[in-house]
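Pulled from TrEMBL, these are the features on record:
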- 23-287: domain 'NADH:quinone oxidoreductase/Mrp antiporter transmembrane' (DOMAIN)
- 60-80: transmembrane segment (TRANSMEM)
- 92-115: transmembrane segment (TRANSMEM)
- 151-170: transmembrane segment (TRANSMEM)
- 233-254: transmembrane segment (TRANSMEM)
- 274-293: transmembrane segment (TRANSMEM)
- 289-343: domain 'NADH dehydrogenase subunit 2 C-terminal' (DOMAIN)
- 325-346: transmembrane segment (TRANSMEM)
Amino acid sequence: MNPYILATLLFSLGLGTTITFASSHWLLAWMGLEINTLAILPLMAQQHHPRAVEAATKYFLTQATGAATLLFASTTNAWLTGQWDILQMSHPLATTIAILALSLKVGLAPLHTWLPEVLQGLDLTTGLILSTWQKLAPFALLLQIQATNPTILIILGITSTLIGGWGGLNQTQLRKIMAYSSTAHLGWMILVLQFSPTLTLLTLLTYLVMTSSTFLVFKLNKSTSINMLATSWAKTPALTTLTPLILLSLGGLPPLTGFMPKWLILQELTKQDLAPIATLAALTALLSLYFYLRLSYAMTLTMSPNNVAGLTPWRLHSPQLTFPLAILTMLTISLLPLTPTILTLLTL
């Protein structure tokens, strides 16, 4: 792709998200979401492959549906209450429709079915943008909506953690596994959204760091399926040793970074007298943990049949930039000891 076109598209992506962040009026927020969607479509379809074009088409249709529903919700709210302000959305009907529209845009279950299919049709770089940056604008709106009926958020959260864990069990394609992982993590964020928005923000930040490092590992190894992970020993031995820690951090095992948000969310749910929900959420985390362990096993404890030529790639210098991966891997593995400091900042 022409570097000028690429720069324009990336600038538009940033602009769309920033407009949504900065808006207090529903129409402006909707405009930001639309700019965001239109900017990523050429990045998705740049490969001229039928799967990529199909993914871009599916993504466009789902995002357009979500945006239209959101516009309908805000118009309904303005009609019933006379308010266009995001923070003033008070009518239960409009609030529920807006939450469902934003759930469709980020890929929360049961509105998640487009996400694995779309992610599977993209290359790893565009998949990384879709799994991280594209979640920010809808989440900024979800954080601002005061849910008048908290039950819907809990139902969406538990359904997402369950389906996110269950759906990834039988997958062999890494991008589909990351899509289900994304749904499960978003479920955890939604569960605690109404009780502690700052905790949701912390979970979102840790999710962005962990998912980015996982995608960059797959990109460096050029791996798109579980079987292709077995060749990573020959390419990047040191990184292959660290990758299970990244994956287990995604699964939420102590003493890794991913344990922190899960621990704090379970604690907050218990404080709110929702011990059964907390127990169910903790059990669904085991489902996700299984497929992260499966990836770790495939990467470190299996060896693909290699000839001499296949064992030599580690000697060749990789042209890919590894500094971002190094920083993100360090953050993914070692942030848990900072929990007391983060808790202090959250309660300020």
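Cβ atoms are placed via backbone N, Cα and C, with glycine included.
Contacts between the transmembrane segment (151-170) and the transmembrane segment (274-293): present, as 3 or more C-beta pairs lie under 8 angstroms, all at sequence separation of six or more. Across the domain 'NADH dehydrogenase subunit 2 C-terminal' (289-343), the prediction's mean pLDDT works out to 80.
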